[in-house]
Amino acid sequence: MKGYHLGELEELILLTVGILDKEAYGVAVLEEIKNQTGRKVNISAIHTVLNRLEEKGFLKSYMGGATEERGGRRKRLFTLSATGRSAIEEVKNLRNKLFEQIPPLALDFSHGY
Amino acid sequence: MDTKLKHHPPKWPDRFLEFYCNPSRLEQIQGDAYELFYMNLEERGVGYARFRFFIHVLSFFRWGNIRRTRPSYQTYNHGAMFKNYMKIGWRNLLKQKGTTFISIFGLAAAVGCCLVAYLFIEQVWFKGMHQENKDEIYQITYTAEGENGKTTFGTIAEPISEMISEALPNVKAQTRIQIDLPILIHKNESYFQRAQYVDPGYMEMFTYSMLYGYPGALNEPEQVILTEELSEKLFGDTHPIGQEIALVSNGEEKIFKVGGVFKEFNDMEMFNFDLLVNISNRSNAELTLPLKDAWKSELWTFIQVENGTDLGDLNAGFAEMVKTQNKIDPENPYLSIQLESFNDLVKNSENIERGVVSFLAVAPQLLLAAIGTFILILAVFNYINISILMAFRRLKEIGVRKVIGSNKGQLIAQFLSENLMVCFMAIVLGCLLAAFIFVPGFNDIASKNLKIDLFNDAYIWLFLGAMLLFITLVSGLYPAIYITSFKPINILKGNQQIGSKSLLTSVLLTFQFTLAIISIVAGVAFVQTNYINSNRDWGYTSADKIIVNVPSSQDYIPLKNKLSALASVTEISGSQDFVGNWIREEEIVFQDEKYEISLLNAEATYPELLDLKLKEGRMFNPELISDTQESILVNEAFLDRLGLSFPVDEKITIDSASYAVVGVVEDFHTVFFQMSIEPMAIRASPDTTFNYLTLKMTPGTAASSMQAVKKIWHETIPRGLFTGKLQTEVFDHEFNDVKGVSNILLFSAILAVVLAALGLFGLVSLNMNSRIKDFCVRKVFGADLGDLSMKLAKRYLIIWGIASLLGGGLSIVLVSTFLNSFFAFNSGVGVIPLGLGLLVLFLVIAGTVSSQIWKIVRANPASILKAE
């Protein structure tokens, strides 16, 4: 199968951008990840990944939304592209497919080894 | 929110971020970093926030974020942009035809002047630069112990040239060069011509373009090559090849055939001559000189080496030459022999005695360069003034452009590209002006042969390129930067002061006026001095006298006898030098003190014949033996120098013989007015032969008898050159020289005034245009003509006043120094030149202002005020 290769962080960020829906930019993504997963990711890592995902075509971006906190600078807002959406679904489906193939026994820890 | 106002992200990390970050990502990254900073600030306090900001900046320092050599956003089309600059510039120039013309014409005139000055300086310093083989040609020079330590000589013992072919490897061609002034006789007319005696190798080494004949003509010893000028003088339209001429040198006559004619030289040639002669024809060449005498005779020797020769290879040969020379002629020992590159002959001319180039003519170079710079400054100031004013009319354009997003650099580029266009046109026009008016005019005045040679002269392109760059930047940079520094909001609101009253404009105008005044004063003072000098009393009567040269002593008596037989000759007298020319200097001793004075040896009748004015004592009495042997006449300057008054009791010693002063004559001019009158003694010499004869003619017959005198002279001395002239003509040459200088000065004064006038006209009319409504309103309310004129003229009159003081003061200092260095007798900077300078400038201002006021007078205020 020709897959969408996504790294772990890439997948996480792609999902977060999907969640934030038109409000996704560097700091927002950072906060969302922190709130949802408790993980502290470096802002520069997030930027790098966002840019890389955009290059791969999973994300689209536009400039907008200047705020005072940013010293009047605009945010680069990211949204999922069609490819991005299908990539998430693909990944999710793949996971599910694989998960469902795990024999029930393997998940049953009551036997105790 | 209070904290936000108080605290900002740390500056240095922020700047670092701005420095390294790729501009396309900067906004995003910096924005996030700021946001995080303020978040951290609220949660954890200032210190932590700052620290985290710093960490963030560092962590953003990644390859993908770093700005690299070519930021991606700068991929816009430069070609189109420049085209746009040019197009806008061109439209702008066309819109302002009058002012554009003023700028271009002024700059072009300045470029033309600078070009003449440049050409003049170039022909002094880059002599010979057009020779094809210049890099392979060397002059052989030697160093010897001279009076002032080690001295290098450009001439070298003649037999050394015979050793070259054996001693020196890799020599392609060699030539000896000797300059002589033989008398050239053609069809019974004789001329003095500069002949250059050379080996046939000369024509291999140096390249000249031939008009007729072939370069190898010198291989035949009896052939000569003439310059075009000489050929035209001798043969006119007839074909010169094969014609015969005779050369007389040291009394020997030889017949030559013309083997070739060079095309006209320009002044870039290293050697100046009228004809080339094979060196085997020198008058003493056939005599077999004793060996030692042959080594005593020195001349220039040039060699051409093979391309790429290591000059070190020649050293062994030179050492051998030095050894041979010092053995044969031990009284004049050489220290070393070396080569002087052809290219360095001018540059090193000060270090080489008896070299090819001895006279660098620094003073005229300075004068011309000064005039060129003067005019250039005037024109550039004009242009700066006008372009600032022009730019003020485009303030709105600048404002709009700035708002749309042009940065300062782009606006400056727009202005500079317009400047570049103007300067380019000015340079093209300047070259045309120079080629067709200035250079021919200057050649005429200075009897030079300068030429603008665009095809062969790489330096002139460099010069023109440098001029273009220089004028563009100097005249354009300040206005461009000044104009573009305004804030768009002020411009568009109309708050920006229209700066026609700016200080800079006034300063520049003052400077221009000052320069104009100085150049007018210089020109007028020079002309005035010339006028006064041409009417100056020479101290004796120059009318009705003819001076005749006597080439050798055996001709003296026959010539004198034959000339005395001429009916119109009333008196005749001989002298060693003649009044009106250089007189030799001699040392005299008086009361054990030594003095340098001019000493004129002459027949006892000479002072009286010349009508010198006797002041005290008496003239010589030819009958008295004591008078012809131990008496002198002196001039007033002589008494002043020695501090004597007339009856001089003590004797004066000249050449260890003592003389009594029998009379004092009034000061008279022996040399031109550039020199002061030197102390002078006239000695009635007992000699019976002299170099010159002076004839006193019956009144009014001098000019008409000249032909007869010349005929007798040629009958007596068939192989000689007659250089006789009227006593009234002795200063003609100097008068012409001085006239040339005064023409140049007058020309530059006129140009300076025209430039100042043009600049003023441009300023006033621009000023007027921007204030025409103001004036019309005043007119409507009944202001009369005088008020309006005063209003417009006031500023310029103030500037005129300041410039008058400055220019007057400066010109008194500068011009009188200049005059003093030129003339011992001058009129100084008096009322006439100063007054004329100020008046001319005043008239220029009055004329310019009234031409503009006339506009108002004719204007219908209704139509002007209704517009818009």
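Glycine residues also receive a Cβ, built from the backbone N, Cα and C atoms like all the rest.
If you look up TrEMBL, you'll see B:100-315 (among others) marked as domain 'MacB-like periplasmic core'.
If you look up TrEMBL, you'll see B:370-487 (among others) marked as domain 'ABC3 transporter permease C-terminal'.
Across the residues of the domain 'MacB-like periplasmic core' (B:515-707), the predicted structure has a mean pLDDT of 83. The domain 'MacB-like periplasmic core' feature in TrEMBL is assigned to B:515-707 (among others).
Here TrEMBL flags B:747-861 (among others) as domain 'ABC3 transporter permease C-terminal'. Here the domain 'ABC3 transporter permease C-terminal' (B:747-861) is broken down by DSSP into helix, strand and coil counts: 100 helix, 0 strand, 15 coil.
Marked as transmembrane segment by TrEMBL: B:101-121 (among others). Long-range contacts of the transmembrane segment (B:101-121) within its own chain (CB-CB distance under 8 A, at least 6 residues past either end) are made by residues 364-365, 368-369, 371-373, 375-376, 378-380, 382-383, 386-387, 422-423, 425-427, 429-434, 437-439, 442, 446, 448, 450-452, 460, 463, 467, 471, 475, 748, 751, 754-755, 758-759, 761-762.
Taken from TrEMBL, the feature transmembrane segment covers B:366-392 (among others).
The transmembrane segment annotation in TrEMBL covers B:420-439 (among others).
Nonlocal intrachain contacts for the transmembrane segment (B:459-482), taken as residues 6+ away from its ends with a CB within less than 8 angstroms of a stretch CB, comprise 107, 111, 114-115, 118-119, 122, 126, 129, 376, 380, 383-384, 387-388, 391, 411-412, 415-416, 418-420, 423-424, 426-427, 431, 452-453, 504. Annotated transmembrane segment per TrEMBL: B:459-482 (among others), in sequence order.
According to TrEMBL, the feature transmembrane segment maps to B:503-527 (among others). Tertiary neighbourhood of the transmembrane segment (B:503-527): same-chain residues 374, 377-378, 381-382, 384-385, 388-389, 478, 741-742, 745-746, 748-750, 752-753, 755-756, 759-760, 763, 795-796, 799-800, 802-804, 806-808, 810-811, 814-815, 818-819, 822, 826-830, 832-834, 836-838, 840-841, selected by CB-CB distance under 8 Å and a gap of 6+ residues from either end.
For B:744-764 (among others), the entry in TrEMBL reads transmembrane segment.
As annotated by TrEMBL, transmembrane segment applies to B:797-819 (among others).
The transmembrane segment annotation in TrEMBL covers B:831-849 (among others).
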Tally of residues which DSSP labels helix, strand or coil - the domain 'ABC3 transporter permease C-terminal' (B:370-487): 99 helix, 0 strand, 19 coil
